[in-house]
């Protein structure tokens, strides 16, 4: 599986997930400087946090 890895809306960077991590993840939240984005490979989809504005977990290449 290959997942996007950069903290921007448009994300050209991706990486192959290590063994045991078969989910692509994207989390967005608001900070005083604007929207923040985190993208990476994970083993389990995390819980939706109280400050999150969106949370995406998917299992196709570059789906995050």
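Each residue, glycine too, has its Cβ placed from N, Cα and C.
Annotated features in Swiss-Prot:
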type: DISULFID; residues: 3-24; note: disulfide bond
type: DISULFID; residues: 6-11; note: disulfide bond
type: DISULFID; residues: 17-41; note: disulfide bond
type: DISULFID; residues: 45-57; note: disulfide bond
type: DISULFID; residues: 58-63; note: disulfide bond
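Put simply, 63 is the one of the disulfide-bonded residues 3, 6, 11, 17, 63 whose Cα lies nearest to the Cα of residue 57 (disulfide bond).
Neighbour counts of Cβ atoms within 10 Å were compared for the disulfide-bonded residues 17, 24, 57, 58, and the top value is held by 24. In the three-state DSSP scheme, residue 63 (disulfide bond) falls into the coil class. When the CA atoms are compared, the disulfide-bonded residues lying within 10 A of residue 63 (disulfide bond) are 3, 24, out of the candidates 3, 6, 11, 17, 24, 41. Around residue 11 (disulfide bond), a 10 Å sphere centred on its CB holds 16 further CB atoms from the protein chains shown. Comparing C-alpha positions, residue 24 (disulfide bond) sits nearest to 58 among the disulfide-bonded residues 6, 45, 58. A distance of 9 Å separates the Cα atom of residue 45 (disulfide bond) from that of residue 58 (disulfide bond).
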